[in-house]
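Visitor: Take a look at this one; I'll ask things after.
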Amino acid sequence: MRPSLAELSVDDLASVLAQWGYKRSHAGRVLREYYARCGELTEAGRPWPAGLLERLRIEFAPGGTALAARQVAADGTTKLLLRLADGRTVEAVLMPDYRADRAAGCLSSQVGCAMGCDFCATAQSGFERNLTAGEMVEQFLALRREAASAGRKLQTVVFMGMGEPLLNLDAVLTAVRRIADNTYGGLGWRQVTVSTVGLVPGIDALTAADLGINLAVSLHAPDDATRAALLPAGRRFAIADILAAVDRFQASRGRPVIIQYCLLKGVNDSAAHARMLAAVIGSRRMHVNLLHYNPTGLSLRGVRYEPSGDEAAAQFLAELRARGVVTHLRRSRGPDIDAACGQLRAKRGELSVQS
C-alpha cells in the first residue's frame, strides 16, 4: 500500500526527494501545494522539476481516506463518512458559518471512543483504534474541499468528533501542527480547538506543548457526583483538579477556555445547577457553551435522556450571565442527519450518499 503525503513532514519528504536526486528544498513547496489544493498535486503555477510530479503520484497515494458517504442537513451542515485504508470508518462534519463565505469543521481523533460518556452515541460503538496524524489531516483536507465546493473557506477546526483527543495526543499534536502551520495547511494556531472530557495529565501535556491553540473542556455538571454518573472520567478526576489543570493551561495561553455543558432535562439543568456552576467557575476567564442535547436513544446505562425545555435553558443561561459568566446557548447543527454533538457513530448503514 502506498503511503499518503498527509503522513509526511517536510523533513520526511525532503529525505525522499534527496534519494530521488531532487533538491530537498522542493519538499516545502510540494506540501504547501498539497494542502492548499485539498490533497491534490497539479501542474498549475510555476513549473515543477522534470518528472517530480509523476514520481510523487507513483510513489504516494493522494490519501488513504476515501469518501464513503455524504449527507446534508436542512441547516446546511454536511456530514462526511470517511473510509480509512483498513476499512474502518469515521465521521467529520462541516458547519456553515453565519458569514456566507466561512465554515467550521469538526474532526475525529479516534475510531470510536473509550470514554463511555452516558449520553453520547459514539460511546455506544466502543473504541477500535487511534487515528494517525495523516488520517486526521485527510479529514481536514476533505472538509476544506467540501467547503470550497460550496464557495466557503474552512476558517476553524475543532477536535470534537469521535474519540478523546488527549488519549491520542502525540498524533493529534502532529495533526494540529500540519493543519495550523503555514508550511502545511496554514489555518493558524488560534483557529484550532482541542476538546477533552477533562483528562488532567493530557491537559498538562497540552500545556507543555505550547502550541497557542484553544482548549475546550466537556464539564456537563457542576458537581462531582452528577458528573461521575454522566462521564466515567468524572470518577477519575475531580472538577477541582480539572480546573486546576485548566488554570495552568490558561496561565501559559492567556485566552478564555471553553466549557461545554450539555443540558439534560431533570439531570443538570436546574437554576441551582447553574448557580453551582457559576460558583465553580468563579473569576476564571471562561466561556460557557450551553449545548442542546441531541437524543441518541437509550444510553449505556439504559437511561433515555431528554433535552431541556426552552424555558429551563433560558433560565440556566440567565442565572450564569447574572453572575458574570460569559455564556452562549448554542443551537444544534445537523441533528436531522445525526451530525450534532454526541451523535457521531460512523455507521455506514445509517448514512446514504447525497449530492
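In case you wondered, yes, glycine gets a Cβ from its N, Cα and C as well.
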Visitor: Quick check on the annotation: Swiss-Prot has GLY163, GLU164, SER218, LEU219, HIS220, ASN294 binding S-adenosyl-L-methionine, so which of SER149, SER195, SER283, SER308 does it put in that site too?
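Guide: Given GLY163, GLU164, SER218, LEU219, HIS220, ASN294 bind S-adenosyl-L-methionine in Swiss-Prot, the matching entry from SER149, SER195, SER283, SER308 is SER195.
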Visitor: I need the CA-to-CA distance for GLY163 (S-adenosyl-L-methionine binding site) versus CYS106 (disulfide bond), whole Å please.
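Guide: If we compare the Cα positions of GLY163 (S-adenosyl-L-methionine binding site) and CYS106 (disulfide bond), the gap is 12 Å.
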Visitor: To the nearest whole angstrom, what is the C-alpha distance linking GLU164 (S-adenosyl-L-methionine binding site) and CYS113 ([4Fe-4S] cluster binding site)?
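Guide: On Cα coordinates alone, these residues lie 6 Å apart.
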Visitor: What is the nearest of the recorded positions GLU91, CYS106, SER195, LEU219, ASN294 to CYS117 ([4Fe-4S] cluster binding site), using the Cα of each?
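Guide: Of the recorded positions GLU91, CYS106, SER195, LEU219, ASN294, LEU219 has its Cα closest to that of CYS117 ([4Fe-4S] cluster binding site).
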Visitor: How far apart, in Å, are the two Cα atoms that lie farthest from each other among GLY163, GLU164, SER195, SER218, LEU219, HIS220, ASN294, the residues recorded as binding S-adenosyl-L-methionine?
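Guide: The widest Cα-Cα gap among those binding residues is 19 Å.
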Visitor: Rounded to the nearest Å, what's the C-alpha distance separating HIS220 (S-adenosyl-L-methionine binding site) and CYS120 ([4Fe-4S] cluster binding site)? Just drop the number here, would you?
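Guide: About 12 Å separate the Cα atoms of these two residues.
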